[in-house]
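Participant: Can you keep this structure in mind? I'll have questions shortly.
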Ligand code: B4P
């Protein structure tokens, strides 16, 4: 199995590139943001819990996101070609949990794509999307909070994956096709 993690700040292009990676490499796309938004739309108990965290730009508690992910992977681990994990893990406890889940099926993280984009461009992209997305967190206040949360809780994962030897920096600035070409080259190198 090949397990690709895409890592980057809000607005770095994780969702956009993950969809193409899934299609080109035949991987299952797991976006914890999309799953949570679906739970909110369906007003499940998880959705009701998650909606205020997301609106404020905070992370949903680790135990809830890990349980949700375990549920989504159930029956698939070891049976599909691989996964592209988009927006998970976002904290060190989540990274440890993913490692344990994969290890139970003799799998591991193959590569971590680290999309780098300057902060002013992240804000520009998210405000632009906010004009049409209807997302509760695509407004300036929530975006600023998401960036603080990213810097405090998610950024330390770079060092975690650097130590594991899987972190692969990708320039996330520029044309989407050019970024995808760099990503494809990186994934090809671990296939
Ligand atoms: P996500 O849905 O993961 O949202 P995000 O990090 O803000 O990134 P997103 O995928 O939307 O943006 P992208 O980089 O694709 O999470 C939302 C919330 O859910 C979190 O804040 C948190 O509350 C919760 N959550 C999710 N996962 C969690 C977890 N594991 N633990 C706890 N809580 C969790 O960029 C998108 C924009 O940039 C698009 O408009 C796109 O068109 C544009 N773009 C992309 N590439 C571009 C390029 N090259 N040039 C110009 N624009 C580009």
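A Cβ is built for glycine as well, from the same backbone N, Cα and C atoms used for every other residue.
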Participant: For the ATP site that TrEMBL describes with 11, 12, 13, 14, 15, 16, 174, which of these is also annotated: 100, 104, 129?
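Facilitator: Looking at 100, 104, 129, the one TrEMBL places in the ATP site next to 11, 12, 13, 14, 15, 16, 174 is 129.
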Participant: Hey, TrEMBL has AMP bound by 32, 37, 58, 59, 60, 87, 88, 89, 90, 94, 146. Any idea which of 20, 135 it lists too?
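Facilitator: Record source TrEMBL; matching candidate: 135.
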Participant: Would you say which of the binding-site residues 14, 58, 90, 129, 135 has the most Cβ atoms within 10 Å of its own Cβ?
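Facilitator: Of the binding-site residues 14, 58, 90, 129, 135, the highest Cβ count within 10 Å belongs to 14.
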Participant: Given residue 32 (AMP binding site) and residue 12 (ATP binding site), what distance in Å do their CA atoms have, once rounded to a whole number?
Facilitator: 16
Participant: Kindly assign residue 15 (ATP binding site) to one of the three DSSP-derived states: helix, strand or coil.
Facilitator: helix
Participant: Out of 15, 174, which of the binding-site residues has the smallest number of neighbouring Cβ atoms within 10 Å?
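Facilitator: Looking at the binding-site residues 15, 174, the Cβ with the fewest others within 10 Å is that of 174.
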Participant: Compare the C-alpha of residue 88 (AMP binding site) with the C-alpha of each of the binding-site residues 12, 15, 16, 129, 174, and give the closest one.
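Facilitator: Of the binding-site residues 12, 15, 16, 129, 174, 15 has its Cα closest to that of residue 88 (AMP binding site).
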